[in-house]
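Feature annotations, courtesy of TrEMBL:
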ACT_SITE  ASP246  active site, proton acceptor
ACT_SITE  GLU249  active site, proton donor
BINDING   TRP190  substrate binding site
DOMAIN    534-653  domain 'CBM20'
SIGNAL    1-16  signal peptide
Amino acid sequence: MRSLVPLALFAVHVHANSCIPTSLPCINTLTNQAAIEPAHRPPLPPDPRNSMRFVCFAAALGAAAQALAQTSVDSYIATESPIAKAGLLANIGPDGSKAQGAKSGVVIASPSKTNPNYFYTWTRDSSLVFKAIADQVTLGQDASLRSQIDNFVNAEKIVQQVSNPSGTVSSGGLGEPKFNVDETAFTGAWGRPQRDGPALRATALITYANWLLDNGNTTWVSSTLWPVIALDLGYVTSNWNQSTFDLWEEINSSSFFTTAVQHRALREGAALATRINQTSGVSNYNTQAANLLCFLQSYWNPSAGYITANTGGGRSGKDANTVLTTIHTWDIAAGCDAATFQPCSDKALSNLKVYVDAFRSVYAINSGVAATAAVATGRYPEDSYQGGNPWYLATFAVAEQLYDALLTWDAVGSLNVTSTSLALFKQLDASAAVGTYAKGSAEYTTLTGAAKAFADGFIAVNAKYTPSGGGLAEQYSRSNGQPVSAVDLTWSYASALTAFGARAGTTTASWGAKGLVVPSTCSSGGGGGGGGGGGSGNTVSVTFNVQATTVFGGACLMCVFAAGWCWTGWDGTENIYLTGSVSQLKNWSPGNALLLSAANYPTWSITVDLPASTAVQYKYIRKFNGKVTWESDPNMQLTTPASGSFTENDTWR
């Protein structure tokens, strides 16, 4: 294993007079004055400078140790960067050395074909990889990769049209998560649909399109790129308010990462469409982008100071999903905007601390690490897949968020500590306080220096557990750091390259996050229906009945046997709730969903006043022992009458 020089070993070889600059005012106190005084002299009074000796030495030692750590990280990056780039390109067909059998422009997730078999192409992984490649081309870092992007465009044009278990190109097929490497449909059981893929693909291609336009290539953008992009944007506008499996393919609900990347895609899609005079869909792109931005705010957990990754799943919600979101929706022009959860926003920084701290006691390899130091992180603390280990890409993402924050603070010219972000800054510097610190001030210098060192720490953790050959698997063991799961994960290599780039000062193109205003009222409207308002201001009484059998808790059963009744909501009992697309149904918020009555069990009921003459989408959810389970897709839908009352009878799906 490649590892960094232990600081404890370094400290043994430090000599005060050789590592502390002689200009320091405390240097003379390192000489024992008593040893050169005449023996008959009375003892000298305590020298107040003596108390400075250890402090001064410790400060110098800390600075020297930090310099060593930076040097070690520099060395790792210099070695790993070409390995990561070569590893990434080796996984792209048709010429990649580990992608044999993959069509041109197709990205394999990993060469592994057993335990696990990742020899497929995922729209999400492929799009994130090609966003990184597009950035290298458009920022002038590697023009030779342009042909790879052209191959990717051609491959995705084909894949978009492939009918699959999620549907056809016009009936939901764009939400299919993965395909065979020969561009045919994967028809096995899977967590589908996954609605982040089209948005991420659109973003990668929009990055390329804008660069081509800047260089005068309007025709190819309009004739070749735009039709591919437009299909994906249309899918987002029609389906963003539908349930989706998250990026880990496990939870079917709404997901922060998906919502955020969909929002970004529509914002930059609207701008591109306007630029090339393809304006028919721009109004809808902007409308649904505003709805997405409004919905995005609902993931924030203000009392706990972190972003809840998914609306379902029953876990804590502390998840790399949220950190990956901040780096993949970074827009330096937006500064530290909290509405879009920019990397240096107080919400994103608070979330980062909560996320990282969640792993301090989970992995054995993090044992003994100081509470203020970097540690290995994974997908989420409850993870059990392949043993539930740290992921290279998750740990790199933490570093990348901090590097992005540093670049933004530098561009803004100040750093703002709020009560929301204070806990993170106190971790970096115990004396940190709420306030705004101008670039160049002592506080700014101290805090940004500490943030840089903290970010480097996460690179150093991955360096420690990178094998000598530099190959990056999906995970490394929580107990001994050995590589685990799929080998040569393409996403791992891409995450290394983007983290290294951020550390080196790379800033990617703005996507329009600056100055956005969150709507005062959320709507789930869109091409897929739901959320429309009647406009009359009248309401009608709607009764929802759903047939659903549930699990009763022991305490509740005692009530049933003793008294013939059951109190809905007794601890340990599974209950049915309702949420949906209008404010009266809590805008798809499972945390605020409406509890139904079990008085006529197994029929659960509730009566709600809803806007008249309005199309409403809704779903029932189950809550049991902290776990939330949504009924299956598609969303239920009804249109309320103009007056009177209405009863909807359903069966749990």
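Just so you know, glycine gets a Cβ as well, placed from its N, Cα and C.
Because TrEMBL annotations are produced automatically, they should be read as predictions rather than curated entries.
If you take the C-beta of TRP190 (substrate binding site) and look for same-chain residues 6 or more apart in sequence within under 8 angstroms, you find PRO165, PRO177, LYS178, GLU249.
The Cβ of ASP246 (active site, proton acceptor) lies under 8 Å from the Cβ of GLN194, SER253, SER255, PHE257, THR258, ALA309, ASN310, GLY313, ASN321, each of which sits 6+ residues away along the same chain. Residues belonging to the domain 'CBM20' (534-653) score a mean pLDDT of 78 in the model. Just so you know, the Cβ of the residue listed as 'active site, proton donor' picks up 16 other Cβ atoms within 10 Å once every protein chain is counted.
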